[in-house]
Every structure is written in C-alpha cells, then in structure tokens.
Amino acid sequence: MTTPLLERISIWQLFVLVFLFQVGSAIVVGAGAADAKQDLWIAELMGCSIGLVLVLIYVYILRLKPGSSLYDILSVTFGRWLATLFAVLYILYFFYIAGRVLRDFTELLIIDVLPETPLEIVTLLFILTVIYMVYMGMEVLGRMSETFVPYFITFVLLITLFLIAGQDIKLENLLPVLGDGWDPVMKVVFPELITFPYGETVVLMVIMAHTTHPGYMPLTALLATILSGAVLSYHSGLMVAVLGGDMVARSTFPLLSVVREISIANFIERLDALVVFIMMVGIFVKVSLFFYGGLKGLEFLTRIPYRHFVLPCGLMVGFLSIIIAGNFAEHIEEGVEIVPVFLHVPFQIIIPVLMLAVLLIQRWRQRRVKRHGFRRTLQKWK
Amino acid sequence: MSVVTGMAIDAGEIKKYKLTVEVINSPELNQKKGGTAAPAIVYWREGDTIAELAQKMNTGMTRELIFSHMRLLVISLDVAREGLFDFFDYMERSREVRNDFEIVLARKSSAADVLQITYPVQKVPSMKLNTQMQTLKEEWGGDPDIRLEDMVISLMSPGREPIMSIVRIRGSSEQGKSTGNMEKVSPDAFVFVDGLGVFREDKYVGSLPVEDIPYVLLADNKLKQTVISAACKEGVKEKFTVDLKETGAKIKMSVKNDIPQIELSVEVEGQLDGTECPDDLSKKNIYQSYESRIETVLAQRLKSVIERVQSKYGSDIFGFGEEMNRQHHSYFKKVKGRWNVLFSKAAVSVKVNAKLRRAGLVTNTFKAVQKKEG
Amino acid sequence: MDSGERYRSGSDRPLTGSLEECRREFNELFGETKDLRLEELQIGQKQAMLCYLLTITDAQLLTQRVLQPIGQLPSDQSVAGTDELEMLCARMLGGSAHIIIQTNQDAVQKMLEGYSVIFIEGVGAAVAVFTEGGGQRGIQEPTTQTIVKGPKDGFVEDLRTNLSLLRKRIRNHKLRIETFTIGTDTGTNVCLVYMKSIANEGIVDEARKRLSDIHTNAIFETGNIEEFIADKTLTPFPTVYSTERPDAVSAHLVSGKAAILVDGTPFAITLPTVFNDFMVAPEDYYQSFLMGSFLRFIRYLSFMFALMLPSLYVSVITYHHELIPTPLLISVIAQREGVPFPAVVEAFLMEVTFEILREAGVRMPRAVGGTISIVGGLVIGQAAVEAGIISNTMVIVVALTAISSFVAPYYIFSISSRLLRFGLIVLGGVFGLYGVFLGLMVMVGHLCSLRSFGVPYLAPIAPFILKDQKDIFFRLPVWASKLRPQMLKPAGAVKQQESESPSPPPMYPSEGKSKRKGDPS
C-alpha cells in the first residue's frame, strides 16, 4: 500500500476516458460560437484536425520513451532542475484547469437546475465525489467511465432523435456556409478550439503510458480524438440547425437551449435538467483526470504516494474553483481570452514541442554515437 | 407551491405594466375531489418591470409560484404598440419560463380578461386557449404557433419581423369570468382567434384577418394543413373545397436593379372534401381542372396577402430577408439595415403546383347522377 | 486431505495398544457424556474395544459394517501388529470407508465426525469405520429461490447429501472436493469444490488459502465463512453468491467457479462472484432465451426502481417540478394538498414503515403471517391516505419500490438497494437530482472498486469484456456461447466447440456458408 502502485488501464478504458475527457465540458460550453455562428461545425472540424496533430505529438513523445509518463519524460529531457520547475508549473496548471472545469459545471448547475443552492455547497459535493473516486485510483475511474459511457452516448443520441421527432431541426439554418469567409472561423479555431479540448489532452500523458497494450495506445488516442471531434462538430451543427447561428452565439449553454426546444406530444419535454446530469459524467471525468494529473506530479516530486495528497489538494481545487472568478462573466472572459493564450498555448503546445525536439535530438545523437562507435570498433579491428 | 398557467400583461394605470397571473386551484382539478369552485385564481399588480412583478406576486398569493408550466402569455394591444423588448429579455433569461407556451394578443379587452373566461371542458382558461390554438394550427393552419424562442429570433433577425395571433372575447366578459359560464350549453363568453398581429421591430403595427393566416404560414413554409375553396370553373358560383394535407414552399431570391425578386413556388397536395358542382369525379380531366383552379386561386391569394403586407405594413413577416441572407449573403449584409424598405418594393411572383389525390368515399356527387337521369 | 486449523484434543501420542488406557482417556475427555459408547468385543483371540458416539451413529450401518464382519471372523484370527491390522481390515471391512489411525487424537476426531473406532489390545493402531447417522431432513424444494420450471431439489443441512447432489449432476472426474475442518469449538467440516482444469488455479489457490487462514471458534453457516473470505466487508453488496440450489452451484462450477459447502447449512457459496450473477436466475437457462433476456431486463429495471424511485420522486417533487408534464404535476399537487410533511419526510416515513412491515412478515410465525398484510396494506396504507397524512402518489411509489425489490432472484442482494435507498432519499431531499446522481456515481465508483477473489465486481461491464456480453444483459441461445466466462480467466476456456444454430441449413448452401462453418476440406 505504501509503494506507489502502477495502475494499468485497458485500451477500451483509455478510449472511453479520452472521449469523455474531450467531449465532457466542450459539448456543454459551446466555445467559439460567439464568432463562428452558423459555421461553428466547420470550426470544430478544423479544431479537431489541428488538435489531432497535437495529440499525435503527445503520443509520439510517449512512444519515444515507452512506459514513462509526462513527468518522467520532463526529467529525461530537461534535466533535474528545469524538470522540477516545469513539473511544479504543470501541477499548478492542472489543478487550475480542474478548478475551471468544475466551475463551468457548477455555474451551469446553478443557472439551470439549482438556483437556490449556494455555489460552495454544489462545489463541495462534487469535489468530494471526485476525491473519493481519485482516491480509489485510475483503474476505478476507468471502470466507472466505462460503466457510464453507454448512458452518455444513449442520451446524446436521444437528443437528436427527439429533435427529429419534434421537427425542430431546420437545416436551412446552417446556410449560408462560410458566408463571411474563413476569417471568423479561423479566429475561433486558434487558439480557442484547438486548445479546448484537444490540447488539454496533454494531461492524459500522465496516464496514457500505463495501458495494458501500450502498442495500441497511439491509435486509440487518435481514434478517440477523431470521434470526439466528430461528436462535437455534429452537435454544433445540430445546435445551429435548431436554434440558428445568432441564438447559439448568444446562449450561455447552447446544448441546454437546444434541449429546452424538445417537446414531443406535450410529454417528452423539459429534459434539460436530465441532460445536465448526464453531462455531469463528462465533467466528472475531466475534473478527475486533471486532478489526478496534478496529484501524480506531486507524487513524482515528493516520492510519496499520491493518495496522501488527495483530500487536501481536492479541497484546494474546490476552493480554487470558487475564488477563480467573482462572477460568471469574469469566469467566461478569463476562459476565452486569458487562459488559452497564456496557459494553454505554453503548456499544451510550446513545452511538448520543446520536449519532442529535445527527445529527437537526443535520439539522433545516440544513433550517431552508436554508428560512430561502431565505426571506431571497425577501425580498431583493422 | 402554486402552478402558474397563464400570464397577462396590460398597460398599467399608474405604473408601466399591469401583470396578471393565473394560478390553478389544483384540488379543484382533481377528478375525485373536484367540485364547482373556481378552477383558477387570478391576481394582478402594477409595476415597472415584469421581472420585478413576477417575484412580487406573493403580495396577494399564498404559495411559491412556479412559472415552469406556463401555458399562455396574453399581451394587450396597448403594450404591444409600445414594444416587447422590455419583458422578453426577462422571459428568455429566466430558467423557469420555458419555451412551450402560446403568446397571443388581446383585442378589444384587457389581456387580463382573456385569462378569466372560463370554459366547461378545460376549466382553466389558459389551458383551454393553449389547446385551442394547437388544434387550430393542426386542423386549419390558423395559428402561427409562435413561441418565445421564435419571437426572440424574429426580434433579433434583420430579415424577419414578428407576428402573433390575436384573440378576442365574444359576449360579456363580466359574465364569462364566473363559474356560471361553465354551466351553460352556450357560454356567456367565448375567447376566439380573431386575426394575426403584424409587428415592425418590436412594435405592433396592425393586423391581418384570420382568413389570411394560412397563407402567411404557407409563404413561410410553416403550414401543416388547411382548407381551400374555389369556384369549379371560372365565373361559376358553385364551389368545391379541398383539404390540403401536404404543403411545401420554396423561395428563390434574387436581386435586379437593387429590387429584390421573390419567386415563391408552392406545392400542395390534397383531397376533395366536397363539391357543389355536378362534375364526374371518376374522370382524370376533372381532377386536372380542379387542380388548375386550386393553383390559380391559391396563387392569387398568396400574392394578395404578400402584397397587402408589403404596401400596408412594409414589414417582412415572412422571413424573406432570412432567405435572402442564405442565398445572397453579401448582398443582404449590405442592405440589412433597410431591408423592410426593400421588401415593400420587392417584386413577388407566385407559382403553385397543386395535386388532387383522391375524392373521398364516393365518386360522383348525387347531383351529377340526378342531372344525368333527369 | 485435511488441512487448516483443526480441532485438537487428546494427546497426539501414538496409540500404545492398551485398552485400559484408551478407556481412561476417553472417559476423561468426554466426561460422563451419555452418548459415548465404549464396548468390549472379541476379535479373534484379542480383546477389542468399539468406541462411538451414539447420537451420530447409524445403528444399522454399525451392524452392517462393523459388527457383522467381526462376527464372521474365525475365532483363531490373530491380530498382532499394525500390518496385520491393515490386512485384516482390507479383508474384513473391504469396501466400506475405513481409516487406520495411529493417535488417540485422530481417534477422537474421527469419532466426532461419526466414525466408529475399534481398538485392539496390544496393537498400536486403531481402525475407524464410517457409520455416521443421526437426524436429517430429506431433500426438499428450496424455499428461498423457487422456480417454475427446472429441478426442484435443494440442499439440506447434511454435507454428504449436498455433495452427492453435486456429484450426481457433474459426473466428471475433474470435480474435486477438498475438506477443511474449521472452528475450534465446532470442528465443522467445510468443503471446497471446484472443477480441476476448468477453474482458474489462482482463484482456487486463493480460496484454499483464505479457508486455511480462518481462525475462529464456530462456523454454523456459510455466512460465517463469507465474512472471513470476502474481499471487502464494508459494502452493502454481497461479494460471494450463496444459494441452496444444487443446479445453480453446478452451473457455476462448470463455468469455472469454486464452491464452498458447509456442514449444517443448506446454503452453499460460490466464488468469485460478480454483480451480474445476482441478476441471473437459474430458470433463465431453462426457458426460451427470449424470455430469459426479457427477464434480465426486468430485473435490472427493478433493481434501479428499488434503488432510486423514492429518491427520484422526492427530488423531482421538491426541486425539479419542471420535469413533470403539466397534467401530472397538477394531479400530484392536488393530492399533496393538505399533506403535512415535506416529500422527503413522507418518503422516509413510508419506507421505514414498509421495512418494519417486511421484517415483521419475515420473523412472524407463519400462522399469523396473514395479519401483517391486512394491518400493513389496509390499515397503514389506506388509512394514512384517507387521513391525509400521506399522498396517494407516495403510496404508489413506495409500493412499486417494494415490489421491485422483491424481483431480485437472490434475496440477499436486495439488501444493498434497501440500504442505499435511504441514503439516496436523503440526498434527493437535500440536494435534489444533483445529490441523487452524485450518490449514484459514488455507488458505481464503489462497485468498480470491489473485487471478488481478484475478479472485478462489475466485470464484464467494467472492465468491458466483449466475449462475455452474450450472457449479461441478454442471454443468447446456448449454442451461441462457445466460451466459458472470460472474466473468471478459466483454465479451460472452450465449453463447446462444435456448437451451431439448430436451424435447418439453407436450401441452396452457398460455398461461403459452408466454409464459414469451419469445414476443413
């Protein structure tokens, strides 16, 4: 119990985790709608295809050093001191984003479902559940997401079904395609849609190395990313088709507004509260993974099993998510303007790319030394 | 808690608005316990914003009000003339207010009165009106089925102006307010649909007669089903009636000399409901002649409605501007500020393609047989 | 094979052959207990002593197996040493279960197990012959797991009968039975049963180890064993499956599980156990797979109902009225008009009442059982509604919940939903659906963390095992499942190689089809 135990998750679990992680909060928040409007689905597709490159970089780094996680690779590439610094930064980053994602959800909950409940209570309950699950470990989290993913997918499909049955989908709302050219689309693609959610997959570098079949890991991660890109793009298209681009742009939580449209036979209607709770699964996975990523960093720095940190750090993340912003507008503004540029880009793009570069140089050198050494031995031989 | 089923907004005497809410008296609606007491309770209060008033209703009512099951919102013409922006924001923002209630205008009476006219079958006035409008839409296409979200979209979009059904009270509204109204075969007061309110921006500018509503909907491709009558032949008095079951409209927009060209092509399909003419309905060519009659009449009426709206109100209630935006985005972007002016100048052409599919349980009318034998 | 903690009494000195000494020692050990019989005999030339406990010995067996053979011995038979005793036994007692024992201690042990022990003067060994008898119940239909179609026999309190029921079902040399004697006070026989080369060796070893590690004074029921060997006891979910149906145990054995039977109880436990086992009734396999699958669905549904219905009702009524369609809401509100409690208190009240009723119904002597339903159903249910204390809807909710909780084919399993239900009601009453869903998440997390003998409790759902899905939510026809459950990591995975649908072949068999069926040519 005292030694840090290595937990392995199955390939299917990894797939589910990556999928829920990426779809989790992105499907609720509707990032980028304000500018892209009816072309949001194109923007999502672009974001996904560029995000795919990022994910490719992450898995490639992991493949270069099989079996080691983000923190191990940091220390291999940057040396002890720099690695420690980066690790500390990553830990803070992960905890902060965990808090942000949590706040996204608690705000949604209070706005739409529980207006009377204080933010603190909602947050505390959620974070306690996260603490319990993370304490149980990665395997348990993996299995839990496996259990819930069918419900998640069923509900996501049901939304479409109900919308079709209620004749709410007006495909002409998607027109005109690219009416204002590529500019508004590209504006949201970088950095907003690339970093959120695809770039955030960087935290999965902590767990992706430990799977039962490491050989399948890269393919799994990429397929899951493609699937979530498809789901996100499809849903932004759906939102626009139901509400129209302007409404989507104005809506705080477009998917919820869409679900509020559902009304079949005056009986199947008002489903938004239910949808909130189904979406909770995705948020839960996302918060837990970020939290776990940070905890693993602490474990790496201190060499103490992460379970010792779960409770205090968990409460800290909860607290952070409350004080992060004074009101909802501040929270969203930070999320759209500050976080992507000043946090996401360095941690999701710059450092990993640096890591990859260092690793490639190291490998090239090793090979040269090998070849060189071989030639030397040849010479000696002569 | 008390369930609010209806809301009425009138202009206040002292303050800006007078909000009336109708909550149901739930034990009265219980099938076992229900008696003859009032099915709903109405309370009003004046104030400056609707959002504030909605929270203040407990000055007169006992329980916590929940607005999530609201069925009807009635707005008086006076308020509609002043503009809707002020309170639609509250409605859209509120998590409790849903998107599934009817919005109507009240003509010739206060909006509050509409909320109080009882009806024997569906005792709660707002529930009655809600069901009535739904059925009307399904059966005859007489209600544009405007919901909160549609209102917001048309208020927001430069290429579309809002419309709303208008209701009126027939009979004495004072007697209609008592439960006694529910006990009569011919109730003292009735609420009926009386026309379509046309808006420009968020302000009421005038109305169209109820007969025009299906054509307005058809031009917007929103019609489910309606009935049309036409003379059997040009210049004949006898008419036939066709139930149009399937309707569809395609709009093609173009611009010529800065004048928008609207090409509306409509396809309808239906079955004969009745005829007064002694035509042999087992013949194909009779069907064809009926079809062409429908086409002419329908095109004529569509055109007249659109032209009337163009000349009288200059307000694009059909959403042609939205269509223009989809088809000629860059052009519309330039003119969206003055779209209504362009709309009123637009050239409209209507093409109808009608299909008569079947003619009910009999072929020839007995009139035709009578004539042959006689 | 004996192992594990054993009842030890008497000295472990080898037998000396002195009858006097034996008699003295036995009298000392057993005291003046009434059922101890120490009878003098003559075997050939020698004095002998027959010792047994009257209460657990079958007189007829004793006569047949011991007294008659001894009587037929020639009077000049000599029994001098151990070797000769063994030969004599082989001739005299050939065929009946007997054991040569060397120590006094073993002799005592064997007597307690129902053997009759014969000591012969001057011989340093004794022979124990199996003559167990005593009261036992005949095989009857199981009372806790009744089925309509299928075998009607159930385990009884006698271990040997139970084992015979298993043996008769599985006529296979691979069926292994290992016995353990557990309990310093009761010395209970416990059997570990498994199928060699089908069951996973690791699981069997683990079970063996855990059984040997039990140090306790008394075992009366498998429940006692259960708590010693279960992976985690702080859980409302059972992690071993206990049943009194031999057909269920046999089915589990051939699917690669191990079973533990305890002398003195009709309940056997099988392990490892996963969540889905509790949703399966043996009857699923005895009727059409369509019906079997449908019933599975009903069971999962009723588990959900039993777990969540009251809490969902409470939270929706208290916090989320908008989820209820208007007409329904109106009628619910109309009913709740005048109910003096908030919904959560109402639900709690009714649930507790129901639990009391249920417990009373179970514990009551059967003769007065009918009173319960009258008092409970009529007086409390109807009167409470009439008096306006409880709303009609709440009665419907509680009744549906109660009935759903009885659907579980395995009675003990409903404990989990009964306990968790109360927690969820509180969460629902305080935090609404949010609380209920978080509660569910914690529950699922807890389920995911459970293991039974190394097998994850939610397998094969989480971790997902595709090959095992054919017998989880649906039961596919028997011919469609070629493998034993993979989650148990069985040593022999294939259960039927050449299984095919019995439907007639197509009229014009195409080449592809015949190839697909694995024709080697």
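Think of each number as a place in line: the chain as shown, counted from 1.
Every residue gets a Cβ built from N, Cα and C, even glycine.
Heads up, TrEMBL stuff is auto-annotated, nobody curated it.
What you are looking at is a predicted structure, and each value in this text was computed from that prediction instead of being measured.
Taken from TrEMBL, the feature transmembrane segment covers A:12-34 (among others).
According to TrEMBL, the transmembrane segment annotation covers A:40-61 (among others).
Counting only same-chain residues 6+ beyond the ends of the transmembrane segment (A:73-98), those with a CB under 8 A from a CB of the stretch are 61-62, 64-65, 200, 203, 205, 287, 290-291, 293-294, 297-298, 300-301, 313, 316-317, 320-321, 324, 339, 343, 347, 351, 354-355, 358-359, 362. Summarising the annotation, TrEMBL assigns transmembrane segment to A:73-98 (among others).
Per TrEMBL, transmembrane segment is recorded for A:118-136 (among others).
Within the chain, the transmembrane segment (A:148-169) has long-range Cβ neighbours (under 8 A, six or more residues past its boundaries) at 16, 19-20, 27, 231, 235, 238, 241-242, 255, 258-259, 261-264, 268, 271, 274-275, 278, 281-282. The transmembrane segment feature in TrEMBL is assigned to A:148-169 (among others).
Feature annotation from TrEMBL assigns transmembrane segment to A:189-209 (among others).
Annotation source TrEMBL lists transmembrane segment at A:221-244 (among others). For the transmembrane segment (A:221-244), the residues of the chain that approach it from at least six positions outside its boundaries are 14-16, 18-19, 22-23, 26-27, 30, 33, 37-38, 40-45, 47-49, 51-52, 55-56, 58-59, 156, 159-160, 163, 168-171, 173-174, 197-198, 201, 204, 208, 251, 254-255, 257-258, 261, judged by C-beta separation under 8 angstroms.
Look at TrEMBL and you will find A:273-294 (among others) tagged as transmembrane segment.
If you look at the transmembrane segment (A:306-329), the same-chain residues 6 or more away from its ends with a CB under 8 A from one of its CBs are 4, 95-96, 98-100, 102-103, 106-107, 111, 119-120, 123-124, 126-128, 130-131, 134-135, 252, 287, 291-292, 294-296, 298-299. Residues or ranges marked as transmembrane segment by TrEMBL: A:306-329 (among others).
Residues 54, 57-58, 60-61, 64-65, 73-74, 76-78, 86, 89-90, 93, 96-97, 191, 195-196, 199-200, 202 of the same chain lie 6 or more positions beyond the ends of the transmembrane segment (A:341-361) yet place their CB under 8 Å from a CB of it. TrEMBL lists A:341-361 (among others) with the feature transmembrane segment.
When Cβ-Cβ distances below 8 Å are used as the criterion, the transmembrane segment (A:118-136) is approached by residues 102-103, 105-107, 109-110, 144, 284, 287-288, 291-292, 295, 307, 310-311, 314-315, 317-318, 321-322 of the same chain, each at least six residues removed from its ends. Proximity of distant same-chain residues to the transmembrane segment (A:40-61), defined by a Cβ-Cβ separation under 8 Å and at least 6 residues beyond the stretch ends, is recorded for 30, 32-33, 73, 174, 177-178, 185-186, 188-190, 192-194, 197-199, 201-202, 204-205, 208, 217-218, 221-222, 225-226, 228-230, 232-234, 236-237, 239-240, 245, 248, 348-349, 352-353, 355-356, 359.
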